[in-house]
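Chemist: Below is the structure I would like to discuss, written out as structure tokens.
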């Protein structure tokens, strides 16, 4: 993915980073793109001429290609590194990118007017940190530490993993500490029995797994665990020293931000480590950089940076004057040469007698320009001296910031980062005895190890092996098991897990099938039908069960761009089963995806009904397993003129108010995989697959169905082809369950059920939505269960 022909302009600074904007040359919106906040981007001129005119060496990893050229020169930093930045804001008119000082210097050295391209990139830092963690795994920080030894043995697959995991940490062996922790836990409000039990168990184990089905409050329970530890340590300096700081991590920035937000809401001091550009704007005040900037040393560093900026402005002004003088000399020399050549042509002497005078004038101008250039070049020493002073001030500022950052980290009771962010160089000398990992079943094992090899003696991992695994695109990596999370491996190895057994997200009827099918009926509902009233605008077959299946006999189409893209855990070659039972399938972006226009059109028209008829609606998600269908849905929404206004891409996007619609409906269009961990009032799911062979592709992974049908709070509508989906046992079971709920309508209402009337009412949605060409709707072939 790349954007071409962009103009760049400096926009200020965010902490130590510099912010540059990239917009279309001239005016107008950017073309459609999928860049999001936090993405890594590679920056390069859109043509090689800019690189050559900038005086940079050609070649190198500039990123991307331009018109098929493979040898386009690249602008690099002074150290020869490619230009890399992080998307700070992604809008329709421009992208704002945060870059370091070296990249900012390189951008500033390129001539004004240069057009740029932005390519989606990946950072090699992540790979280096994971490799470093693997190398560190066999080596203990303190070989005499029983807690760390037990944790490492569990990580390395000891046959006695559960026995080792049951061992308490050193501080938890103290009766005084256990009493303080118990009192702190008892004082926490709002925990149900399974959550409170999970925290209590984790306090006295060296390694704990929590299985949290959808909506059961995994993050909330982790926050309660952290708060218990912090409150227990607050009253005793000795307890603080024995525990140390808590390292709270998750695999994604969004999940790490959720942890940070929850800690701050509880009044717990927490420091966010990582790139501020990847942190939600409202939480950046808790970033390490922001905390340091507000400190007295940070204020001194800001003054040093301001001094360096002033000197660099002087340097650039002198350099511009020098460049102008060089240009004047070259122009004068070229003019004199042209006049002299014209005067010397045979037969032209008489016609160019005035040329001699002109040549004399041009020669004089050239000599004057050369004299001025010599004067400016005499300022070279001054330029170099100013440059050295600026560099010295900047280095002093950086050292001041680094020293204060270490002080801030040592004082923090909780440090929050992504798994890979835990490998930040600023944390290198700090061990963390307590590590909590949220969304652990969505992280690769290599990613999970980064925080766990920093002296961990007490580990709590929250995840759910019944939901989707991490994204892995390499087929070779899949074959070697990279898609099997550490959480799953340890659970399979016998490490005890505590089940969080009360869900608070879904209408009880929506939650019923996932509980029965995926969790043995153990997950109960902590919310009532009154608290989750069914969304309006849908003729539910059973008013007590806001679940609807619309059978559509459309046509699946193969599309370019596979489902190995962001927001999806694999490609789908159309096979009837996944290539691995243990994880998501991988693929390149060139692999095929699928779309189904009939289903997409019905989904959009159902959405219209919801927006028109439910004034209480606050959020809707249009989901599909296929990125091809997501793109088609986005295209249809762009021209749909919905009552709530606007359209959406694969991220949540507020829609404006319209007649009869809520003034703040959040609309999202996404792959199922990309929407894991999120929720909406209503979910409209398009299954896409429709073929005579009954091929369902990676819909056969029951974890994908589990994620899809557990996102909604108040209503679930599935659009699909019943005959195709029925070939998969899990989908067949779900459709049978939906049909059974319709048949129970009379039982629920205390009256005889009229099945034909119920089916006709539900089919109203499909019949109204079908395109004229879809005769199946008019003839009743589009039915709703």
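Each residue, glycine too, has its Cβ placed from N, Cα and C.
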Chemist: Out of 47-79, 80-112, let me know the one TrEMBL marks region 'Disordered'.
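Modeler: TrEMBL lists region 'Disordered' for residues 47-79.
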Chemist: With TrEMBL as the source, which of 343-366, 367-390, 391-414 is set down as region 'Disordered'?
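Modeler: Range annotated as region 'Disordered' by TrEMBL: 343-366.
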Chemist: Looking at 517-555, 556-594, 595-633, which one does TrEMBL call region 'Disordered'?
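Modeler: In TrEMBL, the region 'Disordered' feature sits at 556-594.
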Chemist: Taking 252-279, 280-307, 308-335 as the choices, which stretch does TrEMBL tie to coiled coil?
Modeler: 308-335
